[in-house]
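Annotated features in TrEMBL:
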type	residues	note
TRANSMEM	70-89	transmembrane segment
TRANSMEM	101-123	transmembrane segment
TRANSMEM	144-169	transmembrane segment
TRANSMEM	175-194	transmembrane segment
TRANSMEM	201-221	transmembrane segment
TRANSMEM	254-273	transmembrane segment
TRANSMEM	294-320	transmembrane segment
TRANSMEM	354-380	transmembrane segment
TRANSMEM	400-419	transmembrane segment
TRANSMEM	425-447	transmembrane segment
TRANSMEM	454-471	transmembrane segment
TRANSMEM	545-566	transmembrane segment
Amino acid sequence: MASSVSNLASTVATATAAALEDLHFSLTDYIVFSLMLSASAGIGVYFGFFSKAKNTTEEYLQGGKRMPTLPVAISLVSSQLSGVAMMSVPAETYSFGFNMIFVVWAMVLAVPVLIYIIVPVFYDNNVSNCYEYLELRFSKRTRQLVTVTFILNQFLMLPVFMFVPSLAFSQVTGYNIHLINTVVSSICVFYTMLGGIKAVVWTDVVQGGVMLISVVLVAILGTSNTGGITNVLENAAEGGRFDFSFGIDPRLRLTFFSGIASGLLMWTGKLGLDQSCVQRIVSLPSYGHAKKCLLMAGVGFLLIMSFTCFTGIIMFAYYYGCDPIQAGLVSKPDKLMPFFIQDIMGHMMGMPGVFISCVFSASLSSLSASLNSFAGVVYFDYIKPRINHSEAKANATMKLVIVVMGAYCIVGGFIVQNFNSIIQTMWTITGINMGAVVGVFCLGMFVPRCNAKVAVSGIAFSCLAMLWIIINGQMNFKAGLIKYDPLPNGLDQCEAKGFEVILNAINKNVTSIGTTAVSSLETPKELTTAFESNRDFSIYDTSFYWYKVLGALLVFAWAIPMSYVWPLDKEEKQNPKLYSPFVRSLLNKPSPVLELEELPLKTPLSEEQIKEKENGSAAEA
């Protein structure tokens, strides 16, 4: 066994270089990719220098509240489909099956929640920053605590958004990842800084079109090269990729229940309770426009993400029995997508360039929207209260914040390159506080009896508890008690399929090892895997897909009992508009306060009062 593995290692060293010579960017691909970046930069230049608009913070952050509906809808879709989604979602379905589709379909539930429960509250209270709502409903301290978590999330996630597409570009060109990261991040910072929200939205429109074309083409060409949809479905079924899980054990990596629950909470949190999206939703002229925008965004998201999920199934069907990862051509699943694109589309002029443009478009959309909203939050929450600025100086300050954050994203790439599974890393990091943030917004909109003290302590309790659970979970991973091995694939059918590139990378003596990756290390007898567990139940073994849901539930688990310990002051009156519309209808509303002109000049006396008055007058006489 050891000699076979060493033979594979020695063969891969020479064969990988030869294979990558066959899989490379052509001049046409570079031109296509450069055109996409030039279009994005050009839009920023237009809105920064030539568009006739006032130099105000409202114009820079909200487009003067005159943004058109369809472009904003496309922008919302584009910014949710980061390069992580384009690269890691197909890798997820390739490795662990089609259960990821449940997370996508949760958008069907999230859109009505946003339209009828969340967004009306923002419009009714005329907020431009979703964190303003927390100050109105609870206190300034609550707002500051949540904005701190928003800023920390941006610091953790923005380098990931930009590094992943650089990984793809490096895979097909051989250029240094950090050089690519620096160039493209600089372009994104350039157009975001110059053009503000208008540049963000209109570049997202261009990039959204590139993404849609790319994922549809990949799905069609991949299916065709695999021998048709029938072959795709048969190979995927034989490989267990359609073995849907409906288990209720929270330790299972991804099931129907964890997918729907975590998807609903994530899309609600990302689209309706994250400033990078709320900023664009409230930039629309009215609530009616926002409803149409969210419906269009939901349909667009389902379309593109369903294609993206199914692309992983197509990849598996294409490489069924001839896995490039085991052959050593691809070091981890997150790098598989660009390899697949070059394999099936490398001979087609410009097509690899289109797909890499798609991955970069997705990341640029996420990065630009996040940078713009990040600058607004930092300025209004932390800079403006301390310094008196004119509108022009305020915009200049926000542009400087964007430049500084862009530089940080470039440096952060050196850390991100060490992550093994990008999607698992992202869900784990955001699991610390995203559930708490969604939980406190829902607490404010749904539970009138909760006050600021309850809200602040609920956020702290949830974040600290989730941090403890996640740290212990990572320790279990490191100890080998949790191990998410992917579903099996192999190398036994490479010769039959005629994959010359992969055949050149494997030693003929190694193909008989088997159809699954072999580890020389013995795994513990008691183990939690992606699909089962024979260990005694431990909350530390909970799947990372449950983290956000658990974080939100912890807020309510703390807040409901504590609202009786720290009740509302009897004299404290809440504005009914601060609650979700359906909660308002359930409240026992007090008598409406009448304006002075609506009050009667004199309150009519009852018959008893008239008699008493007459008797009193007679006695006085």
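Cβ coordinates are placed from backbone N, Cα and C, and glycine is handled just like the others.
Keep in mind it's a predicted model, so treat the numbers as computed, not measured.
In this chain, the transmembrane segment (354-380) touches the transmembrane segment (175-194); three or more CB pairs sit within less than 8 A of each other, excluding pairs fewer than 6 residues apart.
Among residues of the same chain six or more beyond the transmembrane segment (294-320), those with a C-beta under 8 A of the stretch's C-beta atoms are 69-70, 73-74, 76-77, 80-81, 85-86, 89-95, 98, 100-101, 104-105, 107-108, 110-111, 114-115, 119, 208, 211-212, 215-216, 218-219, 222-223, 225-226, 231-236, 238-239, 241-242, 271, 281, 336-337, 340, 344, 489, 493, 499.
For the transmembrane segment (425-447), the residues of the chain that approach it from at least six positions outside its boundaries are 84, 117-118, 121, 130, 133-134, 137-138, 142, 146, 149-150, 152-153, 156-157, 160, 262, 265-266, 268-269, 273, 419, 454-455, 458-459, 462-463, 466-467, 470, 474, 544-545, 547-556, 559-560, 563, 578-580, 583, judged by C-beta separation under 8 angstroms. The transmembrane segment (101-123) shares more Cβ pairs under 8 Å with 254-273 than with any other stretch in the list 201-221, 254-273, 545-566. Long-range contacts of the transmembrane segment (545-566) within the same chain, counting only residues at least 6 positions beyond its ends with a Cβ under 8 Å from a Cβ of the stretch, are 103, 250, 253-254, 258-259, 261-262, 265-266, 269, 427-428, 430-436, 438-440, 442-443, 447, 449-451, 453-455, 457-459, 461-463, 465-466, 469-470.
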